[in-house]
């Protein structure tokens, strides 16, 4: 599997056993100016948000976790 990985936002091979790509987004103090923070990566299973306000989307095809567009 290959997924986009931050901070480079480049497609890279995932480690063995990690077949899920994810896009994690959340707001910080600059959300109104810069938009949501974004983390892209690989995982063995879809991660669970650690706190409220974090949105995680998962997919399982190569490079499916593209950087989200600002609305």
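Backbone N, Cα and C atoms are what each Cβ position is placed from, and that goes for glycine too.
Straight from Swiss-Prot, the features:
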| type | residues | note |
| --- | --- | --- |
| DISULFID | 3-21 | disulfide bond |
| DISULFID | 14-42 | disulfide bond |
| DISULFID | 27-31 | disulfide bond |
| DISULFID | 46-58 | disulfide bond |
| DISULFID | 59-64 | disulfide bond |
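Structural mapping of features recorded in Swiss-Prot.
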| residue | record | CB count, 10 Å |
| --- | --- | --- |
| 3 | disulfide bond | 25 |
| 14 | disulfide bond | 18 |
| 21 | disulfide bond | 27 |
| 27 | disulfide bond | 14 |
| 31 | disulfide bond | 13 |
| 42 | disulfide bond | 20 |
| 46 | disulfide bond | 13 |
| 58 | disulfide bond | 15 |
| 59 | disulfide bond | 15 |
| 64 | disulfide bond | 17 |
Looking only at C-alpha atoms, tell me how far residue 31 (disulfide bond) is from residue 42 (disulfide bond), rounded to the nearest Å.
24
May I ask you to report the DSSP-based helix, strand or coil state of residue 31 (disulfide bond)?
helix
Residue 42 (disulfide bond): which of the disulfide-bonded residues 3, 27, 59 is the nearest Cα neighbour?
3
What does the structure give for the C-alpha distance between residue 27 (disulfide bond) and residue 58 (disulfide bond)? Integer Å is fine.
19
Can you tell me the CA-to-CA distance separating residue 64 (disulfide bond) and residue 46 (disulfide bond), as a whole number of Å?
14
To the nearest whole angstrom, what is the C-alpha distance linking residue 21 (disulfide bond) and residue 58 (disulfide bond)?
6
Round to the nearest Å and give the CA-to-CA distance linking residue 58 (disulfide bond) with residue 3 (disulfide bond).
11
Cα distance, residue 3 (disulfide bond) to residue 14 (disulfide bond), nearest Å?
7
